[in-house]
């Protein structure tokens with residue numbers, strides 16, 4: 001009996017897992033450096049600007065970048081974390097310091113992982129930039145998934161649609177109508193092109209305050225946007241899969257960049273499936289900001305806002321107060337939540 005042929009995605013996943021295992025095996029001694037007190041300097045404040053498998057790059061108050069080990073007692077360290085660290089009196093195996101503690105986070109972005117439970121991505125974020133693209137098509141369902149995460153994390157969101165240069169006149173009108181759905185409920189939107197430069201000045205101005213993070217599926221052009229905003233970084237850009245239209249992951253670790261006009265930008269690895277399995281039904285419902293005015297006014301207290309009689313949300317949809325596409329996506333999220341909850345269980349992130 002012949003073996004089943006693996007898809008390109010399956011082959012890449014196997015290769016990636018194999019590479020990670022080899023990396024951990026070859027470098028495990030590096031993470032086991034036994035830093036004694038007499039080998040370290042004074043305690044200092046710093047910010048994590050890059051996170052690797054067993055190390056992190058920390059920026060001190062003078063702007064110097066130091067590669068550090070992590071104390072085994074630390075549960076998680078992510079880009080954007082404000083940490084307490086100590087510099088080694090000498091460099092050991094390419095490492096110059098150790099992170100001793102993580103300051104309390106103002107907020108964090110997490111995503112569920114099938115094997116590791118909830119996995120933090122970044123911390124202390126002022127703004128989430130949801131990057132989508134007009135090709136292969138503009139997915140409002142994926143945008144809504146990201147918005148639920150933004151609302152549950154209490155982090156402001158901006159919707160950015162890239163590759164506007166590929167739009168015909170008719171398609172541009174259609175995308176404009178789709179974005180109007182979000183503008184009506186208070187979200188800022190931008191239709192841009194990293195290739196032609198359309199509206200890139202507006203995006204750059206938006207990033208000039210606080211710390212922003214780009215999130216979005218692979219292939220939407222996050223790396224191309226970073227190349228435009230920070231040409232000196234020369235982030236690697238990936239080629240779209242001819243089969244699926246989804247791009248291969250081109251960023252291997254989360255990084256924080258300082259922008260010349262002010263502000264910081266975090267780029268994180270692409271996420272093809274941004275799961276919401278760690279959220280319950282109530283959290284997803286609260287993730288739809290236009291629902292808030294009507295919640296608590298349904299006929300029945302346990303209304304699920306699906307096919308229940310006397311549902312105030314359904315009535316608002318019929319009266320044009322809630323967009324039907326958003327309500328349809330809500331149905332999809334709740335259905336997928338019910339299906340996944342029966343299969344998976346996720347632990348809390350710390």
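Don't overthink the numbers, they just go from 1 along the chain as shown.
Backbone N, Cα and C define each Cβ position, glycine as well.
Swiss-Prot has this to say about the protein:
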BINDING   162, 163, 164, 165, 216, 217, 218, 219, 220, 221, 222, 223, 224  GTP binding site
BINDING   298, 303, 305, 311  Zn(2+) binding site
COMPBIAS  7-20  compositional bias 'Polar residues'
COMPBIAS  21-30  compositional bias 'Basic residues'
DOMAIN    106-274  domain 'CP-type G'
REGION    1-30  region 'Disordered'
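Fewest Cβ neighbours within 10 Å among the binding-site residues 222, 305: this applies to 305. Taking a C-beta cut-off of under 8 angstroms and a sequence separation of 6 or more, residue 311 (Zn(2+) binding site) has the following same-chain neighbours: 298, 299, 303, 305.
Taken residue by residue with DSSP, residue 311 (Zn(2+) binding site) is part of neither helix nor strand, so it is coil. It is 220 that, of the binding-site residues 216, 220, has its Cβ surrounded by the most other Cβ atoms within 10 Å. Long-range Cβ contacts of residue 164 (GTP binding site) within its own chain (separation 6+, distance under 8 Å): 134, 172, 175, 191, 192, 193, 196, 198, 199.
Neighbour counts were taken at the CB atom with a 10 A radius for the binding-site residues 162, 218, 224; the maximum falls on 162. Sequence-ordered, the extra residues of this chain that approach the Zn(2+) site, with Cβ no more than 8 Å from the Cβ center of 298, 303, 305, 311, are 299, 300, 304, 306, 308, 310, 312, 313, 314.
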